[in-house]
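Worksheet: one structure, shown below.
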Amino acid sequence: MTAKGGATPSPGGAGPAAGNGRLFTVGLVTAWYSSNIGVLLLNKYLLSNYGFKYPIFLTMCHMSACALLSYAAIAWLRVVPMQLVRSRVQLAKIAALSLVFCGSVVSGNVSLRYLPVSFNQAVGATTPFFTAVFAYIMTVKRESWVTYLTLVPVVTGVIIASGGEPSFHLFGFIMCIGATAARALKTVLQGILLSSDGEKLNSMNLLLYMAPIAVIFLLPATIFMEDNVVGVTIELAKKDFTIVWLLLFNSCLSYFVNLTNFLVTKHTSALTLQVLGNAKGAVAVVVSIMIFRNPVSITGMLGYTLTVFGVILYSESKKRSNKP
């Protein structure tokens, strides 16, 4: 019975809102996957297939776009509240993180000149191994023996994949390992350097400050290490203006990788993010093989599968060990 004049609540009243929420989440995840895989494939196309052999300059373009678009998103669109840098010490810590970040992105882009995306992703999946190593060395943080045991298939899988990779290139492999290690180092450093409540920054604000500092680091590097890169790019643009649109689109896409990653993290659970993250690398591998038609071997794919399996076990072990 309802009170006189009262309205009976509809059992399906929350249906449209829930449906819209699910649709929004699916859209976010699709945008996250598309931007991540898109920038990876475009980097490969530019640096390897197109013949634009300037990974430092390409990274500087990415960081420039991230700096400009981060400011627009935070200062004008107010996607997140702006967090201010409180001291020179905090700025120095952000600069240190930016330097490591630069090393990771540049090394990853260099590796794409020599390695297929599929093998690049297989090596990149070993990030948990390097994270555990750096966490142990720098914070003396010990995980359970089960967690360390799950890293065995992670490393073993890459060793198997390396032996079975038809397009293996030693220098590209070293660069890819360096990029993966630097990415893990940044994660650990961020936890150490920006650990106090007054210094913590969300990922969008951290990118706002790191990106322009990265440009400052990369500008002299590209001038001295990539001979006449601006002149060569201008000459390429005169012959085929497509290169300008590719660089602009690729640079903007690199920002949307960070934006969609932030939004997916905000609007999904930790478990959902973990599952999606593990699947993303596999999707990138399949799409890259379909587009670039690079040769793959059964041994290489088995190695990659073993690595992904190890990453899933590692994530599950970490989740259980963090439970109170």
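In case you wondered, yes, glycine gets a Cβ from its N, Cα and C as well.
TrEMBL lists 28-315 with the feature domain 'Sugar phosphate transporter'.
For the transmembrane segment (23-42), the list of distant contacts is 112, 117, 120, 246, 249-250, 253-254, 256-257, 260-261, 263-264, 267-268, 276, 280, 283-284, 287-288, 291: same-chain residues at least six beyond its ends, Cβ to Cβ under 8 Å. Per TrEMBL, transmembrane segment is recorded for 23-42 (among others).
Outside the transmembrane segment (54-79) by six or more residues, the chain places 43, 46-47, 102, 105-106, 109-110, 112-113, 204-205, 207-208, 211-212, 214-215, 218-219, 221-222, 225-226, 229, 232-233, 247-248, 250-252, 254-255, 258-259 with a CB less than 8 A from a CB of the stretch. Residues or ranges marked as transmembrane segment by TrEMBL: 54-79 (among others).
If you look up TrEMBL, you'll see 118-138 (among others) marked as transmembrane segment.
TrEMBL lists 145-162 (among others) with the feature transmembrane segment.
Taken from TrEMBL, the feature transmembrane segment covers 168-185 (among others).
Away from its own ends, the transmembrane segment (206-223) comes close to residues 54, 56-57, 59-60, 63-64, 66-67, 70-71, 74, 82, 85, 91, 94-95, 97-99, 101-102, 106, 190, 194, 229, 258 of its chain (Cβ-Cβ under 8 Å, at least six residues beyond either end). Taken from TrEMBL, the feature transmembrane segment covers 206-223 (among others).
For 243-264 (among others), the entry in TrEMBL reads transmembrane segment. Here the transmembrane segment (243-264) has Cβ contacts under 8 Å with residues 28-29, 31-32, 35-36, 38-39, 42-43, 45-46, 50, 52, 58, 61-62, 64-66, 69-70, 73, 79-80, 202-204, 207, 233, 236-237, 273, 276 of the same chain, all six or more residues outside its ends.
Here the transmembrane segment (271-292) has Cβ contacts under 8 Å with residues 29, 32-33, 36-37, 40-41, 44, 49, 116-118, 121-122, 124-125, 264-265, 304, 308, 311-312, 315, 319 of the same chain, all six or more residues outside its ends. Residues or ranges marked as transmembrane segment in TrEMBL: 271-292 (among others).
The transmembrane segment annotation in TrEMBL covers 298-315 (among others).
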Lying 6 or more residues past either end of the transmembrane segment (298-315) yet within Cβ distance under 8 Å of it, the residues of that chain are 118-119, 121-122, 125-126, 128, 147, 150-166, 274, 278, 281-282, 285
What else in the chain is close to the transmembrane segment (168-185), if you only count residues 6 or more beyond its ends and a Cβ gap under 8 Å? 100-101, 103-108, 110-115, 119-120, 123-124, 126-131, 133-134, 162
